[in-house]
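Database features, via TrEMBL:
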type	residues	note
DOMAIN	19-422	domain 'Aldehyde dehydrogenase'
ACT_SITE	GLU209	active site
ACT_SITE	CYS243	active site
Amino acid sequence: NPYAGLVSHLRASWLSGKTRPMEYRIAQLEALGRFLDEKKQEILEATELDMGKPSFEAFFSEILLCKNELNVTLNNLCHWMKDEYVDKNLVMQLDSAFIRKDPYGVVLIIAPWNYPIHLFLVPLIGAIAAGNCAIIKPSEISKNTERLVAETLSCYLDNDCFAVVTGGVPETTRLLENKFDYIFFTGTPPVGRIVMTAAAKHLTPVTLELGGKNPCYVSDTCDVTNVARRVVWGRFFNAGQTCIAPDYLLCTVEMQDKLMPALREAITEFFGPNPRESPDFGRIVSDKQFRRIRALMSSGRVAIGGQTDEAERYIAPTVLVDVQLSDPIMQEEIFGPILPIVVIANMDEAIDFINARPRPLAIYAFSCDSKVVNQVLERTSSGGFCGNDTLMHLTLTSLPFGGIGNSGLGKYHGKFTFDTFSHHRGCLHRNMGLETLNTPRYPPYTQQKLGLLTTTFEVKRRGTCTLL
């Protein structure tokens, strides 16, 4: 295997204990901060070349949010690393019971192309913070960013403990043949199954950050203008190539009639009368993705947009109506600048519609009535939820980010990333003396001993708990 030597080298470094001291972890994290600062312009240029990503969007998603994750980690690492002491029973009051946050060892991070810096760097921050060695596999589809990462990251990180592997499917397949101690994958459900199958051969734990068709319910009681602006921003940010973008709208026909002019007005306000000329609207990452997305536009009827240019890989911000559930656009994640509207009769039908499909990465609900938003939250299941806005839950490092079911497995961001890459090791350190306390557990057994054991070990139920 072409990567066996690399994995062995990193494992030897990890076994040496080099990555365990807090000072080492902080030094490597600070080096990532220098990478973001010193390569800022090159990151903006690479993402612009890969998918026409506006510098505003690239700075916000690839640099600012990563710096936030980094600084939250640096600010809190000394607390996160500490042993966590736990409750004890009567017998063990003089002993020490605690949770030790151990690194897993050598971890693999496989990143996608749509946010090619953010989606490898945020997991890497947690992997380093937890004391692991890591191999990073950036996406070959965003080739300019892949080249930047491969050529420059090694100048900042310890090459005995961290490495970048490039290439496509063949290289990733061979890489996955090796035994890793943890695998963190971001991508599509079909590839997630392949990664999980490869991990299962070594009983390697995984985090799978996948996607899905994220529904967006708009109730009849809402501020139509604000809904349109927030949906247009979330759907067309990064030209729709966002795993948590609202994938389709659910609303009544009356709300659709009100939304249509508001959506058209928001698109014009954000991107001008011709979005193709806007410096603030991106492009599709590859010819293959362009053709796939363009084919989806045959579903329903184009109400707004619909223009395309294959040479530029440009697809205009597009809204579709009269969409049928059997249409291709309702069968797969769109991952492009198209927003279909599905008409439903009421909130109950919208909730039934959502629950009849695989659980998505995010659910959005808009209403001036908080009871409506809470109803959607309580009666559905998804990786994350955002009421009266789109995408913004991702920006909080205090919230876990991850999928459920078809949309993924595991969570990260902030302390959740540190915890994901840490083995929570249950530890008990007992006193060598006081043997009399242990006598009730030893044979020969008697009813008297069982009574003593019950008294000292039994956990009794307290009063009932009431949710306020």
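Any Cβ shown, glycine's included, is placed from N, Cα and C.
Bear in mind that the values here come from a model prediction, so they are computed numbers and not experimental data.
Taking CA atoms as the reference points, GLU209 (active site) and CYS243 (active site) are 9 Å apart.
A mean pLDDT of 97 is what the model gives for the domain 'Aldehyde dehydrogenase' (19-422).
Over all protein chains present, the Cβ of CYS243 (active site) has 27 other Cβ atoms lying within 10 Å.
Packing around GLU209 (active site) is summarised by its Cβ count: 26 other Cβ atoms lie within 10 angstroms of its Cβ, all protein chains included.
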